[in-house]
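Quick look at what TrEMBL annotates:
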- 1-184: region 'Disordered' (REGION)
- 22-34: compositional bias 'Low complexity' (COMPBIAS)
- 42-51: compositional bias 'Polar residues' (COMPBIAS)
- K302, K530: substrate binding site (BINDING)
- H528: active site, proton donor/acceptor (ACT_SITE)
- S553: site 'Interaction with DNA' (SITE)
Amino acid sequence: MSQASQHGKWTLSSSDDDNDDPLPSALNNNSPLLFGSPPPDQHTSSDSNLNPPKIASNFHQPKHDPDPPPSIEVKPEPKSDTVTAAPPLSIGSEARQASQASQLKPVKYESNQSRPFLAGKRKKDDDSISGWALSDSDDDDDDKAKGQSSGQKDPPPKRSSPKLKKAKVEERPPSPHGRTYYIDEPDDFFETSVPPVNDTYRFYLNKVTGLEKRYNTGALHIKEILSPLFGTLKESVQFNYCFDIAWMLQQYPPEFRDKPVLIVHGDKREAKARLLQQAQPYSQVRFCQAKLDIAFGTHHTKMMLLWYEEGFRVVILTSNMIRADWYQKTQGLWMSPLYLRLPKGSPETAGESPTLFKRDLLEYLGAYRAPEITDWIQRIREHDLSETRVYLIGSTPGRYLGSDMERWGHLRLRKLLHDHTRPIPNEEKWPVIGQFSSIGSMGVDKTKWLAGEFQRTLTTLGKSSLRPDPPMHLIYPSVDDVRTSLEGYPAGGSLPYSIQTAQKQLWLHSYFHRWQAETTGRSHAMPHIKTYMRASPDFTQLAWFLVTSANLSKAAWGALEKNNTQVMVRSYELGVLYVPSAFSMSTFPVQMDVFPATTSSTSFPVPFDLPPKRYSSKDQPWMWNIPYTQAPDTHGNIWVPS
C-alpha cells in the first residue's frame with residue numbers, strides 16, 4: 001500500500017515475505033526455553049516444574065454444556081494460494097511455550113468427554129467438590145513459611161481418562177480468519193486512517209486482525225510505527241523482554257532494514273547465547289545487557305527510541321518484539337511527538353517539558369550504567385522534548401533509601417499523584433481500577449502489600465490527608481474470556497498466572513472483574529496491555545490514567561522494607577502517566593465510543609468497558625498450568641498443558 005506523508009511517498013508491505021531481499025530465518029533451537037528468563041513475577045521452583053498440580057476444592061473448572069465451539073464474527077480474509085509457514089520459534093516463558101505447543105499440536109474437544117482430563121489426582125472422591133489443587137511450591141522468596149499439605153486418607157478409585165483425539169498436525173493451528181493470517185495481513189489491514197498528528201493524548205491501541213474495519217481506524221501496527229510516515233529512520237533502540245529478531249527486522253521497511261539497531265535485553269547465560277545466535281545473520285544488530293542484580297528481576301521495559309533525519313521520537317508500549325503480540329491481543333502504546341533538534345549552543349536545560357519528561361528519561365537511561373546507551377543519552381540532550389505532556393514512571397532494580405525511594409516504582413507514582421493532582425469531593429467513592437496480564441505473589445492477605453502500601457499509592461490525590469478505602473476493581477481474564485477469545489486457549493500463554501501462586505492468595509480473587517471491551521471491539525482480543533486509573537463513581541470521569549509494562553506484582557512496583565525505610569525493586573518497567581492538570585483539565589471525560597478514531601478528542605479512550613463486570617460465582621481466573629477440557633475454545637480445542 002502506498003501512502004504520502006511529509007516525508008514523501010512510501011510503500012507499506014502487507015506481507016512478511018514479499019520483500020525483494022528476504023532476511024535469513026533465525027536459527028532455531030529445540031531448547032524448552034529459547035529466549036528470555038522466566039516470566040515476570042512467576043518464579044517456579046524446580047520441584048513445581050517436575051510435579052503436576054494436584055486437585056483440590058479451592059478451584060473448579062467452569063461447567064459447560066457440550067456445545068460446539070463458540071463462534072466469533074470475524075472478517076474473512078481473501079482467498080490466497082496455500083502458504084507453507086515456517087515452524088514458529090519457541091519464545092519466552094513456560095506459559096508462552098505451552099501456548100506454542102498447543103497451537104502446533106492442538107487437542108480436539110470431543111462431546112462425549114463427560115469428565116475433565118486431570119493432570120493430577122482427586123483429593124476426595126466427592127462429585128460435589130470440584131476444582132484444582134494448589135501445590136505447595138514456594139515461588140516467591142518473600143514467603144518464609146511453607147504450608148503443610150494435607151495427605152490423602154484414602155486413595156481415590158481409578159478412573160479412566162477420556163480419549164483425547166490428537167488433531168492432525170499442520171504447520172500452524174487453524175485461525176478464525178484463514179490460514180494466511182500467519183503470513184499475510186488482510187488486504188485492508190493498513191487501509192485505515194493514521195492517527196491525527198494533533199491527537200490530544202497520543203495513546204493508541206494496536207491493530208487486531210479479524211475485527212470490523214472501524215475498530216482498527218486510528219489504531220497502529222508495528223509496521224506503521226516504524227514506517228517513513230513518522231520519520232526517515234537513521235538508527236533505533238529496542239528495549240524489551242522477548243525478541244524474535246528475524247521477525248522484528250522484517251517489520252522495518254526495506255529502506256530502513258539495514259539501519260543500526262541496538263537491542264536492550266535482560267537475558268543471561270544460555271538465554272543470552274541463544275539471543276545472540278539469533279542475530280548472527282544481521283550485522284546491523286548490537287546488544288546491551290541490562291544489569292539484573294536482584295533475584296527474580298526481569299528486564300520488562302518495552303520502549304523504542306527512534307532517531308530520524310528530521311528529529312527523534314520515543315514510543316513506550318506493552319508489546320514484546322514477537323509476532324504473537326501484534327495481531328490478536330489488546331496492546332497499548334504512547335507515541336511521543338517528533339522532537340526536533342535544538343539549536344547548537346543551547347543550554348542543557350533547554351528542551352524540557354512541563355512534566356520534566358526529558359530529565360526523567362535521561363535519568364532512567366542513566367540507571368542502566370551501560371556504555372552502549374551513552375550516545376543515545378547525548379542525542380536526547382540535543383533535542384527539544386518540551387511538547388511532552390505525560391509523566392514518565394519507571395522501575396529499575398535496587399534498594400533505595402531516603403529521597404531516592406520516590407524515584408522508581410509505585411512510590412514514584414505516589415509522588416506524582418501527590419504533586420500534580422487535586423483532592424476531589426467524595427473521593428472515597430472514586431474506585432481504583434487496575435488491569436494487567438500477570439500476577440505476582442501478594443502475600444497471605446490483602447494487608448501485606450495490595451491494600452497497604454500499593455492502595456495508598458493508588459488512592460493518593462493531591463495533598464489530601466485523607467486515607468480513603470475506595471472500591472478496587474482488578475481486571476484479569478476469566479477462563480471463559482480466554483476460551484472464547486480469537487486465539488482460543490493459547491491466548492492464555494500470555495497470561496502466566498500460575499496455580500502455585502494462586503493458592504497462596506485466594507483472597508485476591510474477590511477483587512477480580514472480567515475482560516470486556518465492546519467499546520474498542522476487543523472483548524475477544526485478550527489483553528497484554530497494563531493500565532491503572534481512578535474513575536468517578538459513575539465511571540464517566542478519570543482523575544488520572546497510566547499505561548505501563550508493570551503487572552500486578554511487587555517485583556514490578558517495588559515493596560517497602562525495614563519498617564518502611566527503604567524500597568526494593570526487582571525489575572525494569574516503564575510507563576507514562578496522564579494527569580488532567582497537564583492538559584489544563586480538572587478530570588478526563590471517558591470516551592464512550594473509542595473507534596473509529598479519525599479526529600482528535602478531549603475524551604480519554606479507555607481500552608475496555610466501564611464499569612467493569614465483577615466475576616460471577618461460576619467465573620474463575622485463568623491459570624495457565626492446569627487443564628481445561630470441559631468445553632472447546634473457538635478452534636474446537638481443549639487446553640492440556642504438558
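A Cβ is built for glycine as well, from the same backbone N, Cα and C atoms used for every other residue.
All TrEMBL annotations are machine predictions without curation.
Straight-line distance linking the Cα atoms of K302 (substrate binding site) and S553 (site 'Interaction with DNA'), rounded to a whole number, equals 17 Å. Taking every protein chain shown into account, K302, K530 are the binding-site residues, and of these the Cβ with the most other Cβ atoms within 10 Å belongs to K302. Using a 10 Å radius centred on the Cβ of the residue listed as 'active site, proton donor/acceptor' and all shown protein chains, the other Cβ atoms total 25. In the structure as shown, the Cβ atom of S553 (site 'Interaction with DNA') sits within 10 Å of 26 other Cβ atoms.
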